[in-house]
Amino acid sequence: MGMKFWVLLQRDVLVAWRKKSNIYQPLVFQLLIVTMFPLGLGAGAQTLQKIAPAVVWILALISTLITLENIFKDDYEDGSLGLYVLSGLPLPVAVLAKAGAHWLTTGLPVILFAPVIAVLLHLPGYAYGVLMLSLLMATPIFSLLGTVGSALIMNLKNGGMLLSVLIMPLLAPVLIFGAGAVLETTLGNNPNGHLALLAGCFVLALTLAPLAAAAAIKVNLE
Amino acid sequence: MNKIVKFYHEMGSPPSFYRITGYWLKPFFVLALALTVYGLIDGLFFAPPDYQQGDSYRIMFVHVPAAWMSLFIYAIIGVCGLIAFVWRMKVAEAVMMASAPIGALFTALTLLTGMLWGKPMWGTYWDWDARMTSELILLFLYIGVMGIYSAYDDDPRKAARLAALVAIIGLINLPIIRYSVEWWTSIHQGASISLMGGNSGIKDWSMLRPLLVMALATKFYYLYSMLHRARNYLLRTEQNKSWVMRQLTEQ
């Protein structure tokens, strides 16, 4: 089982690596959108600093959101999804491998890119650690919930909007705790409570999301 | 066979569900109408004005029952979703999909009446208060359930199973949203605007009475409307079955 898990993970990372636009597109998207904020607000450093925790977080969220649709779409269309089901690997474990690969190719770059966005928005220096830590816990949640959303809409033509509607209510608490932790830090408060709750969300997503996604895949393939 | 067990099995089969609920529609409708008329007249004309809010609190007689229904119906959708997903009962699918638009409408009504009340009382139509935000997210949950169902309109059984899955996931999410949003506003130090924070305070009976009557009225309206929709849902999804033919030719 472990072997098959790693094979699937490696394959997915390799596929993403061969088509590098998958990896840098979310980052370019973030850069484009963050440029709009100073232009639209016409504001100085102080205003930007105030909204920085929320903007960095929302950008990380949205740039991940636009990549979720394709987690299962290609596999469904070329039939490899059926092979995962037949491979003997429990479907939730296969989903976990897909989520892991998605995180490595989307979540990790987003985390590493977050300081760049944060600098552009004048986030105070002492908040970077918490920002990275909160994103480190939250981006796996995006990928895990993304498998659920993607499994629900994988055979629809224009499912992107529907996917957002489906998982946005699930992501709301994650955003509240994550952006909240960074905000608390910039205000000079202790962010540990928010971070602990974020960790709780992560564990919940890790245990439940693969089951839900596997159930959705089974319904879609039957 | 035990009477209750028999009834349970009858309600699980589309033809007998259709037959039995046919007798309930009219009583439920009459009850809903009578209670609404009584509750509104009592609430609008006979309940005393509030000592702080004057007459504008009277929108509560629509707002609070609608808010209760918005949560109650989602709970029903979640439970029916679970039954539909695990045991693949068609009637549970029908009840679930019939409930969704009604629940969404009650949620929208709650938001609308809340906004109308908020303008004169708080001075603003909208504030990102915990209650409003969670109610708005509830509306998204309803839209999600209906959206996934309508996206798979070529295969109603599959659509219903996926919608059931979405409903179950949303059910898990419901308490998380409510609590997290409460923590979130506590950070923001929002103005203490929850003048009507639940019904914890002791109320004058003449104020409470129309509220309870209206709560009953919305329950009966829901039952009437839901059963009507569920029956049509079954007719549509079972249109190739002989019982539908018999039902339609008899009338």
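Positions of Cβ are set from backbone N, Cα and C atoms, glycine also.
Bear in mind that TrEMBL entries carry predicted annotations, made automatically and left uncurated.
Copied over from TrEMBL, here are the features:
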- A:27-45: transmembrane segment (TRANSMEM)
- A:51-68: transmembrane segment (TRANSMEM)
- A:80-97: transmembrane segment (TRANSMEM)
- A:103-123: transmembrane segment (TRANSMEM)
- A:130-154: transmembrane segment (TRANSMEM)
- A:160-183: transmembrane segment (TRANSMEM)
- A:195-217: transmembrane segment (TRANSMEM)
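In summary, the transmembrane segment (A:27-45) lies against the transmembrane segment (A:103-123): three or more C-beta pairs, each 6 or more positions apart in sequence, are under 8 Å. With a threshold of 8 Å between CB atoms, the same-chain residues lying at least 6 positions outside the transmembrane segment (A:130-154) that come near it are 53, 56-57, 60-61, 64-65, 67-73, 75-76, 81, 95, 98-100, 102-103, 106-108, 110-111, 114-115, 118, 123, 160, 162-163, 166-167, 170-171, 174, 177-179, 181-182, 185, 191, 194-195, 198-199, 201-202, 205-206, 209-210, 212-214, 216-217, 220.
Recorded stretches compared: A:51-68, A:103-123, A:195-217; the one with the most Cβ pairs under 8 Å to the transmembrane segment (A:80-97) is A:195-217. Beyond the ends of the transmembrane segment (A:51-68), by six or more residues, the same chain brings 22, 25-27, 29-30, 33-34, 37, 102, 106-107, 110-111, 114, 117-118, 121-123, 127, 131, 134-135, 138-139, 142-143, 146, 149-150, 160, 163-164, 167, 171, 175, 178-179, 182-183, 186 to within a C-beta distance below 8 angstroms of the stretch.
Long-range contacts of the transmembrane segment (A:160-183) within the same chain, counting only residues at least 6 positions beyond its ends with a Cβ under 8 Å from a Cβ of the stretch, are 53-54, 56-58, 61, 65-66, 68-69, 123, 127, 130-131, 133-135, 137-138, 141-142, 145-146, 148-150, 152-153, 191, 194-195, 197-198, 201.
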